[in-house]
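A.B. asks: Sharing the feature lines straight out of TrEMBL:
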- 32-37: domain 'Serine/threonine specific protein phosphatases' (DOMAIN)
- 221-345: region 'Disordered' (REGION)
- 221-233: compositional bias 'Basic and acidic residues' (COMPBIAS)
- 236-260: compositional bias 'Basic residues' (COMPBIAS)
- 273-287: compositional bias 'Basic and acidic residues' (COMPBIAS)
- 309-326: compositional bias 'Polar residues' (COMPBIAS)
Amino acid sequence: LGDYVDRGKMSLEVIMALFILKILYPDRIFLLRGNHEFIDINQTYGFVEEIYSRFEMPHPGDVYVAINECFCYLSVAGIVGDKIFCAHGGISTAGFTRHELKRLQKPYCISNDEKLVYDMLWSDPVIDLKGVHFNTSRLSGIYYGEEEFVHAMENIGCKAMIRGHQVLNAGHVEAWGRLICLFTATDAENKNKGAVALVDENLKIRIRLFTPDATRYDVLKEIKSGGRPKDNGSKNGKKGKRDKKKGKKGKKSSGKKKEKRSKEKGSSSNSKDAARMKKEKRKEKERNLKKKLKELGAGISEDEPEEQTAMSQSATCSESATSGDESVQHSSDDDDGGDTVGARGCGDFVGNGELFSLGTIY
């Protein structure tokens, strides 16, 4: 959803990781452009300083310019499963139809060259607003209310919208039954949580949260687990262990002695094979991580992911709306925390004459 830079001290690592994923999985990874992927913005909010401070070379500006040239070829909108519109800021009042989106020609270098692009990158929803107004807080784009939003979804032929653009303490906020605002970068302001949306083949949307104190180990552990529910599983697991212990009490003492001797024998054998087992585990871990990396672009594990959510009142988004649409459903629990993200493909991506995996990109 954009704003990959200017969101912390590691913008370079973030954008390079995303570029690498795009190169490795060109038909599964899709990067939408945010307003900070324009050189007139990221030269003001920290990205240019980061590049110049980290490269000891005669012309670090060459790196900065090259990255911004790549940004000019990013898409500004996408439609998931033909029903969920995705853009960094939201809707526009300038010919907001699929026909007009198809007419957009990349590269775009300055965001205000095209009003349709400009609005989708800079606009914000406002809960009780009537009509459309100039965005006075950003001095760019528009403010839009529910009526204009519903009208825009009808024009574009979509049931819901997912957008970013605003820092949210809880990581996400929902409004009007079919608008989801996401902010993924943790600790951008006031230790905010980060959130991602998972969309399954039935267009059911789940929100996953993660906290600023999540470590890389936590993230890798979550990836390896495939997003399996934790709470119920841990309870059932403890119950199962108790049942096993009860069953063991009924065994004969001779059986216990045999089991003890078997364990002692196995212990000496394991010490000899420790190096081999460690090597095998490492290889298995690498295979699992590679598999999960693919799933980050193509889909999540078939196991149901842990569903988590938190609501937060913001200046522009409601904290209490839920989806009642039959075609696009949103579900979440009230658990706190969570660490990682996956995304599952739905439908086909057809854009610029190519076959993709999630919907249509523009």
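Here the Cβ of each residue, glycine as well, is placed from N, Cα and C on the backbone.
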A.B. asks: Pop the mean pLDDT for the domain 'Serine/threonine specific protein phosphatases' (32-37) in here, whole number is fine.
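C.D. replies: For the domain 'Serine/threonine specific protein phosphatases' (32-37), the model's average pLDDT rounds to 92.
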A.B. asks: Summarise the domain 'Serine/threonine specific protein phosphatases' (32-37) by DSSP state, stating how many residues are helix, strand and coil.
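C.D. replies: So the counts come to 3 helix, 1 strand, 2 coil.
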